[in-house]
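Just below is one structure, and these are the notes that go with it.
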Amino acid sequence: MAGPSLRPHVHWAQRHRELFLRVDLSDVRNPDITITDNVLHFRAQGHGAKGDNIYEFEIEFLEPVEPKPVCRMTQRQLNITVQKKESNWWERLTKQEKRPLFLAPDFDRWLDESDAEMELKEKEEEKINKMKIESRVPKDPFKHLKKGYLIMYNLVQFLGFSWIFVNMTVRLFILGKGNCYSFYDTFHTISDMMYFCQTLALMEIMNSLIGLVRSPLIPSVVQVFGRNFVLFVILGSLEEMQSKPVVFFVFYFWSITELFRYPYYMLSCIGIEWKPLTWLRYTVWIPLYPLGGLAEAVCIVQSIPIFSETGKFSLGLPNPLNVTIQFPFVLQIYLIVLFLGIFVNFRHLYKQRKQHLGPKKRKMK
């Protein structure tokens, strides 16, 4: 059984528009705080000067206040904010002239009238200055046009990669059932759409370069040029590579990744965040990005003997530099660059994932 109710220590301070009450109770439970007929009624169980007990008090305010107090609890105290109905300075808190024994000034927040007026004036000046600064910033007349362009770009890319993914999946699990034809024929059935999507992806570099999107330029360059090098130079120029099974895996890993990236950006353009999509956008790349990079590397390794045999893209003597440059050697150097690019993009995506899905800072109640 709880003992008789007690009064806690209460500290108060004021501003022209607000009253601040700090109730010295820790571990507050079941608080009941109301304002009726300009009287604040407080009742709660907590740990105060007399131990764990029920504490209560009443304060009849000097002048009218709003009937809805705002309360914020911490482990060590309970804070109550009450709005005055009229903005003015009170000579005291309570209607009764003699201050109640449980009530004392809150010297941590205490200001006299002149200091409070100075504080109010500074806040008003800050607000005016902020409005002036905002009014000076020119409004972008092409804002809606840019947003519309980004929505259409991401929508077209999403539809393109969706077509690639669905087409490859159907061919693999239905048409390719019992044979490997779907692996060997991937390039001839998918290449036109992949050419379109990857050519259009060059706009991502331009978007980042002119500041249309906030994405860093280097990761965009690494991904777009890396994919286009494999698509146009390795696969597009060698018929022998177009029937290799590795082409299926390269295209499949690319398309799965983009199925979540482009709709995420499209919704972001209109200020919508769907948490499952956000999680997928910043999670599926963890297995798919290294697998896609590995498939690209296998593709390049398999092409080196073909380029050596045909001499395609190799630069022989005589030439203005008077040197022989074998394209297979360039590809071997590119393999090193490829894995460095994977590392750069992996680190960038990991930072983005940490920013969007990392643990939030705990807020005090």
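Including glycine, each Cβ sits where the backbone N, Cα and C put it.
Pulled from TrEMBL:
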- 5-94: domain 'CS' (DOMAIN)
- 149-173: transmembrane segment (TRANSMEM)
- 193-213: transmembrane segment (TRANSMEM)
- 244-264: transmembrane segment (TRANSMEM)
- 284-307: transmembrane segment (TRANSMEM)
- 327-346: transmembrane segment (TRANSMEM)
Local confidence of the domain 'CS' (5-94) - pLDDT mean: 91
Close approaches to the transmembrane segment (244-264) from elsewhere in its chain (Cβ under 8 angstroms; 6 or more beyond its ends): 154-155, 157-158, 161-162, 164-165, 168, 172, 180, 182-184, 186-187, 190, 194, 197, 227, 230, 235, 277-278, 280-281, 284-285, 288-289, 291-292, 295-296, 298-299, 302
Secondary structure tally of the domain 'CS' (5-94) (DSSP, helix then strand then coil): 0 helix, 57 strand, 33 coil
